[in-house]
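Record features, source TrEMBL:
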type: DOMAIN; residues: 73-272; note: domain 'ABC-2 type transporter transmembrane'
type: TRANSMEM; residues: 47-65; note: transmembrane segment
type: TRANSMEM; residues: 85-103; note: transmembrane segment
type: TRANSMEM; residues: 133-152; note: transmembrane segment
type: TRANSMEM; residues: 158-179; note: transmembrane segment
type: TRANSMEM; residues: 254-276; note: transmembrane segment
Amino acid sequence: MIDQSGLSVAPRRAAIPHGVRPPVSAIQQWWVLTIRMIIPTLRNGELATQVVGSIVFTVGYYLPLKQMMGAVQPLSSYAQYLTPLIILQAIWFAAISAAFRSATDSVQGINRRFRAMPIPSVTPLASRMTASMYRCCIALAVSVACGYVIGFRLQSDVVSTLGFVALVLLIGAALAIIGDLIGVATQNPEATAPMMLIPQLTLGLASVGLQPVERFPDWIQGFVRNQPLSQWVYGLQALAGDSSGAAPEATWSVLAPGVVWALASILVALALHVVVTRRRQS
């Protein structure tokens with residue numbers, strides 16, 4: 001650009017109005033909030049606790065029960081029979097962190113601040129669920145590795161193996177949204193662990209993950225067979241397969257009850273989440 005004196009001058013840039021910021025997409029907001037949930041787990045011991053928890057579940061169930069239950073289960077080894085329950089216990093333990101984080105955000109007023117910001121209302125929940133699925137993946141990887149140490153093997157084809165992983169992640173999502181609901185509803189981080197642990201231990205001990213349903217007293221066999229944890233164990237055992245051929249077949253009749261339990265849990269928890277959130281906002 002040349003002025004009236006003939007000298008070359010740089011063109012003027014258009015003035016940017018003060019206080020105007022470039023638009024931020026909902027995906028960028030979700031990513032920032034997700035990183036906010038994940039990065040601290042690498043330095044505050046939460047990730048290490050998740051890893052140790054999966055190992056503890058493996059040692060705590062397998063060593064004392066191998067001799068007692070190993071002879072009464074139908075599969076090639078007790079490790080093959082027990083590992084699905086260990087995986088479920090590990091991802092349930094991961095869901096406790098989801099409940100704690102949700103309650104902490106509520107009691108510290110972080111959710112209230114988010115409502116005052118130009119953020120879609122679903123974004124904070126989506127970021128917490130993403131962080132929960134990250135913990136679920138860690139729990140799955142560590143518990144499967146522990147299962148391989150004690151003798152568990154994925155004996156089925158690639159499709160069934162992918163189905164195994166998908167079912168675990170679906171169950172993990174159901175448990176995570178339930179945990180998030182508990183955190184939002186109670187707004188009490190200290191109360192979340194007992195509220196998640198009691199059902200975990202009760203359903204775990206009264207499930208077919210430890211021993212076949214026929215080994216339970218007649219009066220409780222109906223509950224043991226049909227409760228969600230047992231149906232999830234049946235599905236995971238079928239998808240994992242077994243060298244003896246004694247594992248349940250991976251048919252829809254075997255997998256459907258567990259899938260329905262997980263999907264129904266997600267839908268009910270989401271509906272209750274909406275109700276609780278609206279009441280908190282009013």
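Note: Cβ is positioned from N, Cα and C throughout, glycine not excepted.
Comparison of 47-65, 85-103, 254-276 by number of C-beta pairs under 8 angstroms to the transmembrane segment (158-179) places 254-276 first. Counting only same-chain residues 6+ beyond the ends of the transmembrane segment (85-103), those with a CB under 8 A from a CB of the stretch are 37, 46, 50, 53-54, 57-58, 61-62, 128-129, 131-132, 135-136, 138-140, 142-144, 146-147, 168, 171-172, 175-176, 178-184, 186-189, 191-193, 195-197, 200, 204, 207, 209-210, 229, 232-233, 236. Here the transmembrane segment (254-276) has long-range neighbours at 125, 163, 167, 170-171, 173-175, 177-178, 180-181, 184-185, 226, 228, 231-232, 234-235, 238-239, 248, meaning same-chain residues at least 6 beyond its ends whose C-beta is under 8 angstroms from one of its own. Within the chain, the transmembrane segment (47-65) has long-range Cβ neighbours (under 8 A, six or more residues past its boundaries) at 41, 78-79, 82, 85-86, 89-90, 93-94, 97, 135, 138-139, 142-143, 146-147, 149-150, 210.
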